[in-house]
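Scroll down for the structure; my scribbles are underneath it.
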Amino acid sequence: MTNQGAIPVIVNGAAGKMGREVVKAVAQAADLTLFGAVDRNPSLQGQDIGEVVGIGPLEVPLLADLQSLLVAAAQEPQAGVMVDFTHPNSVYDNVRMAIAYGVRPVVGTTGLSPEQIRDLATFADKASMGCLIIPNFSIGMVLLQQAAIQASQYFDHVEIIELHHNQKADAPSGTALQTAQLLAELGKTYNPPAVKETEHLAGARGSLAEEGIRIHSVRLPGLIAHQEVIFGAPGQVYTLRHDTSDRSCYMPGVLLAIRKVMNLETVVYGLEKIL
């Protein structure tokens, strides 16, 4: 099932929008091999995942049981990597299970709480097992966040707007929360009040993140993934925006994460940490 010397990869959530792109990218990478594909879609069980994603047969059946694949992977000379693009309700258990079987997780599913991330870090440390948790695999988004950090030196007012397709289950997005966290870690408080505000509808001013940063979430069909970071000062507005037009833009980051996680022994959060 594996190519000699290649990193075995299990794609969890393989029939989803992101999972399909990961399957294609892994199948085309010479130093990776698709060890297994997992998805709970009952209509696709047993089908060749290559046929499901439209690239021809890969001789890898789509299965529903993640644990059985992790058991099989643990018996390989190199246990490899599990890439998880599933659901906020299942990702925590998926990651713990992978670590327990010696398979390194690369996590693209958002929705993990800070407490869950800390618990996974403790679990991974005890196992000396690498794990990457990455809210956004886009190089462009990393550049936007770096530009926002630089801009925050000169602006005291900032708000974040994130826009996603209406199938996204969590809000705010992990990327927006990460952006707010990066700005909050700079040691300043944003958006000093100019007036006493009254919300006539609950949530009209968005959700309040750390250090006074507000995040607004939009969910509509037709969107993929978009984020604006808007800075304001008297007489000027500075807007940073990143737009995703195709999910293939995430694949260079996913492939980099698969390769990098093999040399880690703890949890690392954010693509910028491995660039």
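All positions are counted from 1 along the displayed chain.
Any Cβ shown, glycine's included, is placed from N, Cα and C.
Features as listed in Swiss-Prot:
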BINDING   Gly13, Ala14, Ala15, Gly16, Lys17, Met18, Gly108, Thr109, Thr110  NAD(+) binding site
ACT_SITE  His164  active site, proton donor/acceptor
BINDING   His165, Gly174, Thr175  (S)-2,3,4,5-tetrahydrodipicolinate binding site
ACT_SITE  Lys168  active site, proton donor
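Checking Cα-Cα distances from His165 ((S)-2,3,4,5-tetrahydrodipicolinate binding site) against the binding-site residues (Gly13, Ala15, Lys17, Gly108, Thr110) with a 10 Å cut-off leaves nothing; none qualify. The Cα of Lys17 (NAD(+) binding site) lies closest to that of Lys168, out of the recorded positions His164, Lys168, Gly174, Thr175. Closest by Cα distance to Gly174 ((S)-2,3,4,5-tetrahydrodipicolinate binding site), from the recorded positions Ala15, Gly108, His164, is Gly108. Note on proximity: among Gly13, Ala15, Gly108, Thr110, Thr175, the binding-site residues of the record, the Cα nearest the residue listed as 'active site, proton donor' is that of Thr110. Here the recorded positions are Lys17, His165, Lys168, and the one with the most other Cβ atoms within 10 Å of its Cβ is Lys168. Among the binding-site residues Gly13, Gly108, Gly174, the residue whose Cβ has the fewest other Cβ atoms within 10 Å is Gly174. Listed in chain order, the residues near the (S)-2,3,4,5-tetrahydrodipicolinate site other than His165, Gly174, Thr175 are Thr110, Pro135, Asn136, Glu162, His164, Lys168, Asp170, Ser173, Ala176, Ala225, each with its Cβ within 8 Å of the site Cβ centroid. The shortest Cα-Cα distance between Thr175 ((S)-2,3,4,5-tetrahydrodipicolinate binding site) and any of the binding-site residues Gly13, Ala15, Thr110 is the one to Thr110. The CA atom of Ala15 (NAD(+) binding site) is located 19 Å away from the CA atom of His164 (active site, proton donor/acceptor).
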